[in-house]
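According to Swiss-Prot:
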| type | residues | note |
| --- | --- | --- |
| REPEAT | 7-73 | repeat 'BIR 1' |
| REPEAT | 108-175 | repeat 'BIR 2' |
| BINDING | 145, 148, 165, 172 | Zn(2+) binding site |
| ZN_FING | 228-263 | zinc finger |
């Protein structure tokens, strides 16, 4: 199947486009491809579908109105973020080191400690919040990301910390490095379409069912040589630039400004994928 992320491919779908006042070029340029029925089009990136076009309407404005979180609408490099199974071992995610906005909370353990007086009624546990990069400010349910300084409050019981971090601060380097572009794009795409009157949205928190003991499998242990040289827990998957040492996990990589191996200043990091 042709790649509909490409404008040229989308344009080819408008061969029998029936709307004279909106050119195929305009529609394709705004991320849409023609579904081949009536005047229905779909965004190749967020999957929102729009129909019943009226003269004078602006495809770009309508796209933003109905799917404000669409990565195409927001100008994210959606084409460059797709990873295929054929080239994953050669794929890297690059982030320039700016430094954490709150160095005091660069380490996960410090973020966990900040939640010592976190309201007990909150469904989000301190470990979950800290893992997603947040520390507690000490007021209400106000939290902030240690790296991008993004603040979130008014947490709902069903809110997942990582998903909320992505939805509101998708450009955060910590988010991009730890979760990866595929996860970021997935969360954004799922959130970008506004619920319609026929859309059912689940608000219930997931319920964990007990797993029979016989089905529990031990996770394979990481070889000592591959353990992060900062936390000694996670696997090394980040390469420091310019020295080239792969000695840190994604969570720890942004907590240091010097390579722990050679002590050279780190200017950027690369997330590496091993086949």
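Residue 1 is the first one shown; counting continues down the chain.
Note: Cβ is positioned from N, Cα and C throughout, glycine not excepted.
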Q) In the same chain, outside 145, 148, 165, 172, whose C-beta lies within 8 angstroms of the Cβ mean position for the Zn(2+) site? A) 133, 147, 149, 150, 168, 169, 174, 175
(Q) For the repeat 'BIR 1' (7-73), report the average pLDDT of the model, please. (A) 89
Q: Tally every other Cβ atom lying within 10 Å of the Cβ atom of residue 145 (Zn(2+) binding site).
A: 24
Q | Other CB atoms, at most 10 A from the CB of residue 172 (Zn(2+) binding site) | A | 23
Q: Determine the most Cβ-crowded residue among the binding-site residues 148, 165, using a 10 Å radius around each Cβ and all protein chains in the structure.
A: 165
Q.
From the DSSP assignment alone, can you count helix, strand and coil residues within the zinc finger (228-263)?
A. 4 helix, 9 strand, 23 coil
